[in-house]
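Peer 1: Straight from TrEMBL, here's the annotation block:
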BINDING   8-13, D33, R38, 86-90, 127-128, E161, 272-275, R342  NAD(+) binding site
ACT_SITE  C272  active site, nucleophile
DOMAIN    328-452  domain 'UDP-glucose/GDP-mannose dehydrogenase C-terminal'
Amino acid sequence: MVKICCIGAGYVGGPTMAVIALKCPEIEVAVVDISAPRINAWNSEHLPIYEPGLDDVVKQCKGKNLFFSTDVEKHVAEADIVFVSVNTPTKTQGLGAGKAADLTYWESAARMIADVSKSDKIVVEKSTVPVKTAEAIERILTHNRKGINFTILSNPEFLAEGTAIADLFKPDRVLIGGRETPEGQKAIHALRDVYAHWVPMDRILCTNLWSAELSKLAANAFLAQRISSVNAMSALCEATGADVSQVSHAIGTDSRIGPKFLNASVGFGGSCFQKDILNLVYICECNGLPEVANYWKQVIKVNDYQKTRFVNRVVSSMFNTVSGKKIAILGFAFKKDTGDTRETPAIDVCKGLLGDKAKLSIYDPQVSEDQITRDLAMKKFDWDHPAHLQPLSPTSNKQVSVVWDAYEAIKDAHGICIMTEWDEFKNLDYKKVYDSMQKPAFVFDGRNVVDVNKLRDIGFIVYSIGKPLDSWLKDMPAVA
Ligand code: NAD
Ligand code: UGA
């Protein structure tokens, strides 16, 4: 029986391995992690991450051919294929701080694999890593090889949170990169055979190692670039009276452009877009390509601009101050259908409003009070480390309350900021909402989910990203 072990039981390791176990009943899959609370959660009824369809997949194979364990060394030693899906955060100190990927966790995983292995192994990069990481990992693995053969593959993951299970069941493509040697090609075929259980062969792309590593960074950079492009247009739409949804639709019908990923928003969030572009920028700089680095840097600059612009709209509309005013924050996750808050734009918007002394009442159907409190206190990039290495839960901020109901968050508020496109925010009883708020009552829609005309008819002053401005806002320009 082929044995697979995955180091890292996070958003990628957990769901990808659960799907491999489901689709390949004859393969035994162990997912291991240094975080005992995370493993305990995987072994309980309450999985550590919220992902539609995941519970069902895990239930079908846990205890049969899918196991979660903290006994990292035992499972690595027994495995034929070892996936490494650990954190690859942005470095906060030293060379490349604020840009380069911190490979501490990857390196320690590689050293451990080298130490405990007693048989040949295929080692698969599942984490997103800088180009040429495989070379460094190979050096670590082969340094004290004790006669053991390690073959390294790059198999980056393209799933998106909230749709992870659907993405894994029916991926656009699976990418496998390996050395162009007989051993490299044999390893590629072995991994291809695993995916071939459910992925059509023509969707399994095999490349060299460096193409696979770079394609992952390039894919995220291109996706993020589309969002920054449409967000840049949203600012111009507000200045000119054009409607960004109409512009997106008009350009998206061009089959060369396509309709996806053209929704203007308060900015992209999530654990990877910013991290991976910073990483790409650093690699360009290291390779003497400052023009290329600056091109990609601009994608992040526009994203930061969009978040600042949103905060300025809120403050300037409310007579240039939100001091002491209650603002309801609807949604905190970086997108709907996930409880993940990593790099969510809500953090920057909340911090901006708190900087102007607002009182925030936050509601998200999937994010706990503890998580929100941590996020608002944490330093940039600290979130992307294993849980036990993150700062302890801080004492709560008196200006912030976290509630478990949207209407409760909104009661007596001066304004509402919609930060996540949860479906329930489309369907609130906005007449009831209006009646419960201070007047004038403002809605700032960072996700374009509300029916602007309907809300204006009720009496709200509405700001919706990239939409023709309310006359109130025209008179109160948002200047930084
Ligand atoms: P995560 O933080 O959810 O999970 C990583 C896990 O690795 C943590 O549970 C941590 O405790 C564990 N870990 C760290 N070092 C370890 C070690 N030495 N031994 C055992 N366990 C260890 O992160 P994630 O979101 O799953 O991302 C993992 C990688 O996948 C990153 O490189 C990320 O860029 C990439 N990626 C993420 C997504 C996504 O949607 N989240 C999608 C594609 C790729
Ligand atoms: C993204 C990619 O889509 C995945 O392919 C990739 O594997 C993953 O990053 C990763 O490497 O981590 P994810 O971050 O989970 O997935 O979610 P996305 O759906 O890409 O959304 C990212 C952010 O962009 C969210 O904040 C979302 O609200 C925002 N977004 C997305 C927009 O503002 N507008 C859009 O049109 C689309």
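Here the Cβ of each residue, glycine as well, is placed from N, Cα and C on the backbone.
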Peer 1: Can you tell me how far the Cα of T90 (NAD(+) binding site) sits from the Cα of the residue listed as 'active site, nucleophile', in Å?
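Peer 2: About 10 Å separates the two Cα atoms.
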Peer 1: Which binding-site residues among N87, T90, E161, Q274 have CB under 6 Å of ligand 2?
Peer 2: E161
Peer 1: Pop the mean pLDDT for the domain 'UDP-glucose/GDP-mannose dehydrogenase C-terminal' (328-452) in here, whole number is fine.
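Peer 2: That region's mean pLDDT is 92.
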Peer 1: Using a 10 Å radius around its CB, how many other CB atoms surround G8 (NAD(+) binding site)?
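Peer 2: Counting Cβ neighbours of G8 (NAD(+) binding site) within 10 Å gives 27.
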Peer 1: Identify, in sequence order, the residues in the chain of N87 (NAD(+) binding site) that are 6 or more apart from it along the sequence and have a CB within less than 8 Å of its CB; answer 'none' if there are none.
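Peer 2: Listed in sequence order, they are G8, G10, Y105, S127, D384, H385, P386.
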Peer 1: Can you grab the distance from Y11 (NAD(+) binding site) over to C272 (active site, nucleophile)? Cα atoms, rounded to a whole Å.
Peer 2: 12
Peer 1: Please report how many Å separate the Cα atom of E161 (NAD(+) binding site) from that of C272 (active site, nucleophile), as a whole number.
Peer 2: 11
Peer 1: Please list the binding-site residues from N87, T90, Q274 whose Cβ falls under 6 Å of any atom in ligand 1.
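Peer 2: Listed by sequence, the hits are N87.
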Peer 1: For the binding-site residues T90, Q274, work out the Cβ neighbour count at 10 Å and name the residue with the minimum.
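Peer 2: Least crowded of the binding-site residues T90, Q274, by Cβ count within 10 Å, is T90.
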Peer 1: In three-state terms from DSSP, label T90 (NAD(+) binding site) for me.
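Peer 2: In the DSSP reduction, T90 (NAD(+) binding site) maps to strand.
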Peer 1: Across all the protein chains here, work out how many other Cβ atoms are within 10 Å of the Cβ of D33 (NAD(+) binding site).
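Peer 2: For D33 (NAD(+) binding site), the count of other Cβ atoms within 10 Å is 25.
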